[in-house]
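S.K.: Okay, handing you the structure first.
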Amino acid sequence: MSRAGEQGRRGGCCGAFANYLTSAKFLLYLSHSFSTWGDRMWHFAVSVFLVELYGNSLLLTAVYGLVVAGSVLVLGAIIGDWVDKNARLKVAQTSLVVQNVSVIVCGVILMMVFLHKNELLTMYHGWVLTSCYIMIITIANIANLASTATAITIQRDWIVVVAGENRSKLADMNATIRRIDQLTNILAPMAVGQIMTFGSPVIGCGFISGWNLVSMCMEYFLLWKVYQKTPALAVKAAPKGEEAELKQLNLRKDTEPKPVEGSHLMGEKDPNIRELEHEQEPTCTSQIMEPFRTFRDGWVSYYNQPVFLAGMGLAFLYMTVLGFDCITTGYAYTQGLSGSILSILMGASAITGIMGTVAFTWLRRKCGLVRTGLISGWAQLSCLLLCVISVFMPGSPLDLSVSPFEDIRSRFAQGEPVSTTTRIPETIFPTEPHVSNGSDAGGAILEMSTKPVPIISVSLLFAGVIAARIGLWAFDLTVTQLLQENVIESERGIINGVQNSMNYLLDLLHFIMVILAPNPEAFGLLVLISVSFVAMGHVMYFRFAHKTLGNQLFVCGSQEKEVSDENQTNASVV
């Protein structure tokens with residue numbers, strides 16, 4: 001009996017593991033891993049490709065970033081509305097194919113340009129090469145818009161349906177998705193960076209194109225399996241406008257007298273029905289104005305959401321230079337940090353980000369979803385105080401008396417060109433060693449780094465940035481789940497599309513802020529402005545939490561308290 005029981009337990013464990021590997025939840029994780037890996041490789045590589053193509057200038061990269069941010073800002077609501085009005089499987093498959101095919105085509109064009117750049121430069125006074133640049137940026141922007149549609153439909157809709165009514169399962173799935181994002185955000189750029197370092201940009205383009213071709217087939221199959229295993233995905237609520245129209249038509253049908261028998265056989269139609277059909281025919285003007293109405297209705301609906309303040313609080317967190325983007329890493333280079341140290345710091349930020357996802361699930365279970373956002377907000381702000389202190393510590397280059405464009409004017413006065421061969425990309429992309437190999441800018445940066453600069457300021461800065469990732473990702477997951485739970489099914493797409501637009505708007509503003517104050521001497525001021533915007537975002541969330549929970553803001557309890565908080569939050573929707 002003991003052997004039989006042991007075999008049964010072993011079979012049960014193996015069977016449970018096999019069931020998990022074939023479950024809709026795991027297949028969704030696997031599909032997201034393929035998608036995120038390809039996205040991170042492409043987003044990392046396309047900026048480097050554009051820098052190398054345009055003579056190591058940041059012009060094409062800046063144009064690309066501006067086009068991407070502006071497109072999502074303008075089209076976010078329209079993309080979300082398209083997600084809402086179409087079947088889930090159709091939306092997922094269409095956006096998946098468009099995204100991957102765009103990246104493949106863009107990679108092939110980049111390969112051709114790298115191989116025949118000199119020939120293209122001499123054709124029609126360089127206009128052929130300029131047209132290729134325009135095609136690359138346009139197709140890459142289409143890929144980003146399709147990626148936005150994929151993220152909305154999978155991470156904001158499918159995951160809610162797969163989790164069902166189990167909110168703890170939804171929280172765990174959201175946290176797992178974020179952990180996958182954190183890991184691929186570090187590993188994918190490292191992988192493609194090594195390929196480009198030991199190979200060439202052409203090999204990098206070919207690898208990314210091949211990966212997206214294989215990944216597209218795998219993701220297509222995995223999403224189809226998830227759709228099969230989750231029958232609820234086939235049922236989608238109609239938009240509120242259509243529901244109201246159907247109810248009105250049904251009411252009119254019930255109250256109106258029935259037509260005389262045989263009237264329809266004689267070809268006669270009810271005049272009311274004929275009038276309704278005439279009204280439903282869209283005119284040319286209405287079709288042209290439809291996207292503008294969708295844009296307006298999306299923002300109005302977003303403003304009227306009960307979680308509007310929470311969503312705005314999350315968007316304000318994008319108005320910051322306190323992250324591992326090109327701006328902060330470029331500043332780190334001016335303070336003497338090497339690429340190897342920065343790679344270690346990025347790895348540490350990924351670890352703290354994963355810790356934030358773990359803290360989210362634990363805090364939500366102990367204190368409830370709304371209070372988790374409050375606690376994570378306070379944790380983030382507390383860690384960012386280190387960044388504020390770093391501005392006034394020894395080694396900080398803060399000097400507001402220096403004009404933002406003093407360096408450009410001085411170089412003009414000395415007769416030097418504004419853009420050297422590789423100096424700007426070296427400062428902006430310090431984590432890509434393949435850019436700096438054999439460049440003259442390495443010597444300039446080496447000379448700059450030999451000056452004795454105290455590291456206490458930059459150390460406190462990155463200590464605060466890394467530690468704040470715990471609260472940041474816990475807060476991000478909190479707002480994400482609030483939007484998932486409190487936005488009705490028929491509006492998930494358009495509301496999350498507008499949320500993406502708000503995020504991109506604040507992100508665009510932070511780049512404009514850097515353009516207005518690009519010198520390292522002004523970076524301390526940017527840090528203070530960034531912390532102020534983060535604080536304003538958490539104040540908005542505090543206002544939302546106060547409306548939702550009243551005076552019981554900081555009372556953590558058991559699972560019953562969590563359920564009570566969630567019921568109170570959902571009651572505000574009604």
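Each Cβ is built from the backbone N, Cα and C atoms, and glycine gets one as well.
Sharing the feature lines straight out of TrEMBL:
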type	residues	note
TRANSMEM	12-31	transmembrane segment
TRANSMEM	58-83	transmembrane segment
TRANSMEM	95-115	transmembrane segment
TRANSMEM	127-146	transmembrane segment
TRANSMEM	302-321	transmembrane segment
TRANSMEM	341-363	transmembrane segment
TRANSMEM	375-393	transmembrane segment
TRANSMEM	455-479	transmembrane segment
TRANSMEM	500-517	transmembrane segment
TRANSMEM	523-542	transmembrane segment
S.K.: Which listed range (58-83, 95-115, 127-146, 302-321, 455-479) shows the maximal number of Cβ pairs under 8 Å with respect to the transmembrane segment (523-542)?
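M.R.: Between the stretches 58-83, 95-115, 127-146, 302-321, 455-479, 302-321 has the largest tally.
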S.K.: Between the transmembrane segment (500-517) and the stretches 58-83, 95-115, 455-479, work out which stretch tops the count of Cβ pairs under 8 Å.
M.R.: 58-83
S.K.: Cβ pairs under 8 Å only, please: of the recorded stretches 95-115, 127-146, 302-321, 455-479, which one is richest in them relative to the transmembrane segment (58-83)?
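M.R.: It is 127-146 that shares the most Cβ pairs under 8 Å with the transmembrane segment (58-83).
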S.K.: For the transmembrane segment (127-146), could you work out the same-chain residues 6 or more beyond its ends whose Cβ comes under 8 Å from its Cβ atoms?
M.R.: 42, 46, 50, 53-54, 60, 63-64, 67-68, 71-72, 75, 79, 95-96, 98-99, 102-103, 105-106, 109-110, 112-113, 117, 120-121
